[in-house]
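Notes to accompany the following structure.
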Amino acid sequence: MAAGIQWSLLSICLLLFTPGVFSATFTITNQCSYPVWPGLLSGAGTPQLPTTGFALNSGASATIPIPTSWSGRVWGRTLCSTDPTTGKFTCLTADCGSGTIECNGAGAVPPATLAEFTLNGANGLDFYDVSLVDGFNLPMLVVPQGGTGGGNCTATGCVADLNGSCPVALQVIGAAYGSECVACRSACVTFGDPMYCCTGAYATPNTCRPTSYSQFFKNACPRAYSYAYDDGSSTFTCASANYIITFCPTPAASQKSSGVQQPSPAAAIPEATNISSSSPAATNIFSSSSSRCTTTPFLFITTFIATLSVIWRSRHLN
């Protein structure tokens, strides 16, 4: 019996300290000159995250633990406010329609710049991309850190602010911001034509080809998805990495910073160390651990003592 207990406890310890059991982390940083409200959506059948939306002041960061084999999307909402009468929370771009800061399982309303992930997928690789298929609302960069094994671990995103150069037909004009374009729609969202949406007779890679509108996005952001079948130059892989997601990697200012509700002190994310390849630290408001496949010394010591205690008792009681 004692041997059986020892073997079971050993198996538990090996499970606890085996790489791959614990999550990756996403460090989301706002380098825009205005506040951004990140939204997060888990794919069907994948574990839920500890948050689905929160406020991020200019210059602030937040680190979120991500479950193993998670898939889903991350985006940034802008020009958000709470109606003083109804208490309903809405955003002018990339709103999720939940009426609250948390998106609660709802996705972004186009146009929205999207970071898309499938972690620990085929051959144990992470697959990730930044997509402009649903349009563009703010610059975004995704950088893997600490990746090992297979994959190219390439940074990807759209670092240019396309709102200023968006074709007139695709522009979203914010009524409260004069003639300023606050987001840039895709041709599919704008016209609904199967030729632009890759649907109907255009639902295959051979029939759905780049258009002048998708080429606008591709020329500005060569590594980002510009239309549905833009896989070859837009999907990247890495293994066992953490990811830094940065809004406005090149700081951008616009009328978005004026007349917009700032996050309240209670909702604001604390300031954090600037994120760089040599300094991945950031404020972690959702978990006590910010590294992938690691456990805290306290957990290790506690588990070790508990294991010894049970083994000692099993020996002396039999």
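Each position is counted from 1, following the chain as shown.
Cβ from N, Cα, C; glycine included.
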- TrEMBL annotation: Cys103 disulfide-bonded to which of Cys91, Cys96? Cys96
- Message: Which one, Cys153, Cys158, Cys293, is listed by TrEMBL as the other cysteine in the disulfide with Cys221?
- Response: Cys158
- Cys32 forms a disulfide with which residue in TrEMBL, given the options Cys248, Cys293? Cys248
- According to TrEMBL, which candidate among Cys166, Cys198, Cys208 shares a disulfide with Cys184? Cys166
- Between Cys208 (disulfide bond) and Cys197 (disulfide bond), what is the CA-CA distance rounded to a whole number of Å? 8
- Message: Between Cys158 (disulfide bond) and Cys166 (disulfide bond), how many Å separate their Cα atoms?
- Response: 14
- Query: Within 10 angstroms of the C-beta of Cys158 (disulfide bond), what count of other C-beta atoms is obtained when all protein chains are considered?
  - Reply: 24
- Query: Compared by Cα position, which of the disulfide-bonded residues Cys80, Cys96, Cys103, Cys198, Cys248 is the closest one to Cys166 (disulfide bond)?
  - Reply: Cys248
- Message: Is it possible to get the count of other C-beta atoms within 10 angstroms of the C-beta of Cys32 (disulfide bond)?
- Response: 27
- Item | Most Cβ neighbours inside 10 Å, all chains, among the disulfide-bonded residues Cys96, Cys166, Cys197, Cys198, Cys248 | Cys96
- Item | Cβ atoms near Cys238 (disulfide bond) (within 10 Å, other residues, all chains) | 24
